[in-house]
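**Student:** Provided herewith is a single structure, encoded as structure tokens, for subsequent inquiry.
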Amino acid sequence: MKDRLEGLKNEALEKVVQADSLKALQDIRVAYLGKKGPITEVLRGMGQLSAEERPLIGQMANDVRAAITEKLEEKETQLEAQEVERKLAEESIDVTLPGRPVVKGARHPLTAVVEHVEDVFIGMGFEVAEGPEVETDYYNFEALNLPKDHPARDMQDSFYITNELLLRTHTSPVQARTMEKYKGQGPVKIICPGKVFRRDDDDATHSHQFMQIEGLYIDGNVRMSDLKGMLDTFAKQYFGEDRTIRLRPSFFPFTEPSVEVDVSCGICGGKGCRVCKQTGWIEVLGAGMVHPRVLEMGGFDPKKYSGFAFGMGVERLAMLKYGIDDIRHFYTNDLRFLEQFKQV
Ligand code: 2U9
């Protein structure tokens, strides 16, 4: 019996040494110290022993159980410590490692241009007004002195939804709606950015959908010189303090007189180059004094009020600013194109 106990002890202690997991230790514990284990078996067999053997074997069996238990606990502590080390090593963050790059998006170039232009005009006291993209024929055309059969309507080939509803061809209806809201009481000082739609075939300079920013200022005594001053300020704040403007006579049904507005070329400083086609000037927007008929239809008395209005194409400004030669890039969502505008 003594040898058996000794053998069990050495066998169990050897297995504890070999054990490489807490589970293995638990199995050894159950196998050797469990109810069905050999130590228990020896203790159950105490009855067959002689009276002098019983205390010896009993004591030895308890010593063996204690030795195995102690070794088990020692090894458990060791394995738990190793587990903690392993976890620490596994979970330790090497703060010197470069972080996972946070893929940041960026403003779409058109959004960036609209926000920049808005900042300039808000700085001049204009408020931003917006309106529906699905417009009525009245606000898109009639209220802007473009009666039903007006030839200029063809210039703005339209996506009609019904005889009375269409996708707006410019943001001017927003100004017309806003004028009505003011019930003939000036001043009105708004800019209207937004998407517009024209039934054009897309090519490098035309898109069936593009963006405009138009503006309107109505007050007691607004003059052409106010328009010119405002445009000069806009050009200097948007394009650069060194830039100048030039006004050329033009025609729009909703303004009289009307002008095309050029800004001095930023590439050649006005001397003439490929970008400005040797003219030194770049056409950027149109403007004019609000037509009295439009004031009237907007509920303003042309005898008491006058105003100026202007309009610019956002894609055109972005193409000038970033040297882009095809308007379709703005709409194809090609990341190779869009990633160029990431703010570093
Ligand atoms: C009201 C009164 C007047 C808006 C104006 C322009 C001149 C103009 C073009 C610029 C580039 C359209 O996108 S574009 O092709 N627009 O040149 N727009 S004056 O005049 C208005 C608008 C509303 C009530």
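Indices start at 1 and increase along the chain as displayed.
Note: Cβ is positioned from N, Cα and C throughout, glycine not excepted.
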**Student:** Any idea which of 35-64, 65-94 is down as coiled coil in TrEMBL?
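**Tutor:** Going through 35-64, 65-94 one by one, TrEMBL gives coiled coil for 65-94.
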**Student:** Which residues of the same chain, at least 6 positions away in sequence, have a Cβ lying under 8 Å from the Cβ of E256 (Mg(2+) binding site)?
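**Tutor:** Listed in sequence order: G288, M289, H291, P292.
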